Amino acid sequence: MRHFLNINAIELDDVVDLVHRALAIKAGRSVIQSNLTVTNLFFENSTRTHSSFQMAENRLGYQQIDIDPQQSSMSKGESLTDTLKTLKAIGVDVAVIRHTVNNWYDQVLTATGHEIPHLINAGDGSGQHPSQSLLDLVTIYEQFNHFAGLNIRIVGDLAHSRVARSNAEILHHLGANMTFSGPKDWQPNDFGKFGQFVAIDDDWENLDVVIFLRVQHERITQTENQNFSTKQYHEQFGLNRVRYERLKAAAIIMHPAPVNRDVEIADELVEAPKSRIFEQMNNGVYARMAILEYTTEATHATH
């Protein structure tokens, strides 16, 4: 049974095929209407990911069952594993899950084998965010038509960002030149496998893509939150007008959103010409349609 849990566990050729498929759907290629049933199970609040999956499911003809964990038997102590077995027993084909726990799926897969729906990871703690990573790849490829050789910098709260972790690895494997910048206390040691840590303004004029990350106040310590200065962070690691103008004409800026305006990106620049933030959201629907097709091994017209 196929699942979509970690984009870096998928063959690179399949990842590239998913990018092409998402763009083909966006261009109007036909999709097969499904008679499958999907459950969206979100243990963390979400606007973009949740609604984007719902839109993707609607466009593919899925029957939807949304479950609020707080109003389910999990609030009585039922395990996620038993909940998924229950959903499979009543006919659910796919479960889209966002969870607070890193790698929540490992225990589920060990305990259940094939007695569960197809699983799609909609974000796990500070671990992985594979569907966001795919839509970012779609957005980058749509702009440049390749990944190899692009100079890409990820800026901000690297330590607590599942987006950063997914993107750093997959973009490195696709041949991009990766650099990272952010507060020293938020620089994970293992990112050195994928690129270099640099000062934010180093070689700025040669960057093709800059991905800014949200400061994840819900994941940092109380002391860090108390000592956090919005003004200081924006000056040191934010996108201001000077940095924006120094980017080359063809460069793009991205952000997984929600954006803390005037923190990661100046308010006036969130929708500036080089910004692709809302285009990322648009591409998210097509990327998640491609993910649903891939996970259920649905057939479709060639791209």
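Backbone N, Cα and C atoms are what each Cβ position is placed from, and that goes for glycine too.
Small disclaimer: the values here were computed from a predicted structure and weren't measured.
In the three-state DSSP scheme, T49 (carbamoyl phosphate binding site) falls into the helix class. Within 10 Å of the Cβ of T49 (carbamoyl phosphate binding site) there are 24 other Cβ atoms, across all protein chains. If you look up Swiss-Prot, you'll see R48, T49, R98, H129, Q132, A257, P258 marked as carbamoyl phosphate binding site.
According to Swiss-Prot, the L-aspartate binding site annotation covers K76, R162, R214, on the basis of sequence analysis. According to its DSSP assignment, R214 (L-aspartate binding site) is coil. For R214 (L-aspartate binding site), other Cβ atoms within 10 Å of its Cβ number 19.
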List the residues in the vicinity of the carbamoyl phosphate site, defined as same-chain residues other than R48, T49, R98, H129, Q132, A257, P258 with C-beta within 8 angstroms of the site's C-beta centre.
S46, T47, G123, V163, P256
Between A257 (carbamoyl phosphate binding site) and R162 (L-aspartate binding site), the C-alpha gap once rounded to whole angstrom:
13
I want to check the contact list for R48 (carbamoyl phosphate binding site): same chain, sequence separation of six or more, C-beta distance under 8 angstroms. What comes out?
A257, P258, M281, G284
Return the residues near Q132 (carbamoyl phosphate binding site) by Cβ distance under 8 Å, restricted to its own chain and a separation of at least 6 in sequence.
T49, G123, R162, V163, S166, P256, G284
Recorded L-aspartate binding residues, K76, R162, R214 - maximal Cα separation rounded to whole Å:
33
